[in-house]
Amino acid sequence: MAKTTTLKEFESVFPKLEEALLEYAKAYKLPEQMLSWYKQSLEVNTLGGKCNRGMSVPDSASILLGRPLTEEEYFQAATLGWMTELLQAFFLVSDDIMDSSITRRGKPCWYRQEGVGMVAINDAFMLESAIYTLLKKYFRSHPRYVDFLELFHEVTFQTEMGQLCDLLTAPEDKVDLDNFSMDKYTFIVIYKTAYYSFYLPVALAMYMLDIATPENLKQAEDILIPLGEYFQVQDDYLDNFGLPEHIGKIGTDIQDNKCSWLVNKALSIVTPEQRKTLEENYGRKDKAKEAVIKQLYDDLKLEDHYKQYEEERVGEIRKMIDAIDESKGLKKQVFEAFLGKIYKRSK
């Protein structure tokens with residue numbers, strides 16, 4: 001029987017990896033002051049999240065093997081998981097600067113912490129480099145070492161393309177709803193979120209166990225990308241319709257001029273009069289204008305449209321999971337576990 005990891009177990013691996021990263025920097029005689037800065041950046045930016053992406057690597061590996069992982073297997077899988085968390089940290093530190101964000105995980109964003117400022121850009125680069133330091137240290141002799149390397153490089157580029165499309169489609173200071181479209185939205189969510197959050201952890205587990213045949217990778221991608229897309233649509237829905245006490249934050253997509261699923265759905269069904277209301281009120285840092293949009297979303301019955309989308313999408317995903325060929329080591333349960341975590345979530 002497979003075994004699910006806990007956050008506590010997963011986090012217990014981090015100190016060893018942090019030590020390896022600091023030792024690597026020490027070997028270059030990085031001065032003490034800079035070493036402690038690097039340590040602080042690693043801890044503040046990598047720890048403190050839910051670690052869903054990282055924990056998906058050992059979880060998927062255990063399902064694929066059909067048993068709990070040995071200590072050595074767990075360490076390997078969790079190390080790959082922490083590399084996905086480092087990738088996430090690199091993206092978040094950078095994104096927060098680009099978006100002029102204020103808080104992250106309930107604290108001021110890294111670049112807004114005392115004495116950090118634009119040094120955060122270099123810190124983000126160092127978080128990305130840490131992935132490859134760990135990969136070399138622990139997987140240099142793994143038969144799929146080059147595949148691991150290429151996977152991280154490819155997924156990083158895919159995420160950056162998604163971010164570029166997002167930044168140019170919805171600049172915060174210039175509202176132009178003609179720029180929005182469901183096609184652009186789909187591109188953004190697939191590349192900015194789905195690849196690194198859903199495909200990457202499972203592909204890493206498959207490479208680790210050496211069952212990443214082209215057929216298995218294709219089957220995984222064909223299910224995990226729609227799953228990631230559904231997850232992001234859900235996120236956009238919760239930003240407006242979720243309860244702040246559930247989602248742990250107050251939604252800001254409307255004021256931030258976000259190219260979200262809700263605004264794109266609205267644009268596809270509005271009357272000319274409602275379109276004018278959208279144009280005049282969307283993407284403004286103004287509570288009253290935000291309230292006008294929220295009312296419009298209610299008038300358009302976007303909650304019902306979302307629920308219809310959810311049932312259709314989940315139905316399609318379930319069909320794909322049922323059709324998986326398990327003869328080459330892939331397991332339906334990997335995907336059922338992902339779907340189970342996100343279907344009808346409220347946060």
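Here the Cβ of each residue, glycine as well, is placed from N, Cα and C on the backbone.
Isopentenyl diphosphate is bound by Lys50, Arg53, Arg105 in Swiss-Prot, and the record lists one more residue there from Gln33, Gln76, Gln88, Gln158, which is Gln88. Together with Arg104, Lys192, Thr193, Lys249, Lys258, Swiss-Prot lists one candidate of Gln219, Gln232, Gln274, Gln295 for binding dimethylallyl diphosphate, that being Gln232. In three-state terms derived from DSSP, Lys192 (dimethylallyl diphosphate binding site) belongs to a helical segment.
In this structure, the binding-site residues under consideration are Lys50, Arg104, Arg105, Lys249, and the one with the smallest number of other Cβ atoms within 10 Å of its Cβ is Lys50.
Nearest by CA distance to Gln88 (isopentenyl diphosphate binding site), out of the binding-site residues Arg104, Thr193, Gln232, Lys249, Lys258, is Thr193.
Proximity to Arg105 (isopentenyl diphosphate binding site), judged by a C-alpha distance within 10 Å, picks out Lys249 from the binding-site residues Asp95, Thr193, Lys249.
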